Amino acid sequence: MASSLTCAGVVWAFLSFLCAAASCVGFFMPYWLLGSQLEKSVSFGTFRRCSYPVRDESRQTTVMVEQCGRYASFQAIPSAEWRICTVVTGLGCGLLLLVALTALMGCCVSELISRTVGRVAGGIQFLGGLLIGSGCALYPLGWDSEEVRQTCGNISNQFELGTCHIGWAYYCTGGGAAAAMLVCTWLACFSGKKQKQYPY
């Protein structure tokens, strides 16, 4: 099976896939911010959350529904910063995934990835990582929303967690993006074989 990738290119392809997978899984999981409310564990992502309070009219009390799901609409996301974070991080994950799948195809298809295409792919990865990094940087700006304050002891604020702590999904998303920006972008420069010069 012919490949258009050098040895460094094969490493780049698989590392790109791992970085994209880590960022996408972290982005989708609602474990960016962890806390508790009414003695139940609560977690938030950018567009999903686990466990939420519901008013029980029969008992005239508030109970926690222990299940995970996305917000009913885009506008229902607790803060404007989290809405921007969702869009920016989603775009970044899409770019990383696109490059990773193209790179993996390069392992099987000859003359798909030249040196120039590899460098362009590296640039796209850098942009994807930058978008995800921007989303991760925006996320703490939404910690002053009412939903987060209820979970974090009513003392959380922008860049102040209160009684909550950052979850593994946040680190997974940011770590995948950082590795894509720093390692994959560099490897992409050496990924493609020099194209043959045809006489015609």
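The backbone N, Cα and C atoms fix where each Cβ goes, and this holds for glycine too.
Features reported for this protein in TrEMBL:
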- 1-21: signal peptide (SIGNAL)
- 87-108: transmembrane segment (TRANSMEM)
- 120-141: transmembrane segment (TRANSMEM)
- 168-190: transmembrane segment (TRANSMEM)
Tertiary contacts of the transmembrane segment (87-108), as residues 6+ beyond its ends and Cβ separation under 8 Å: 1-5, 9-10, 12-14, 16-17, 19-21, 23-24, 27, 46, 121, 124-125, 127-136, 138, 173, 176-177, 180, 191-192
Other parts of the chain folded back onto the transmembrane segment (120-141), taken as Cβ under 8 Å at six or more residues beyond its ends: 16, 23, 27, 32-33, 46, 79, 81-82, 84-86, 88-89, 91-96, 98-99, 102-103, 113, 158-159, 170, 173-174, 176-178, 180-181, 184-189, 191
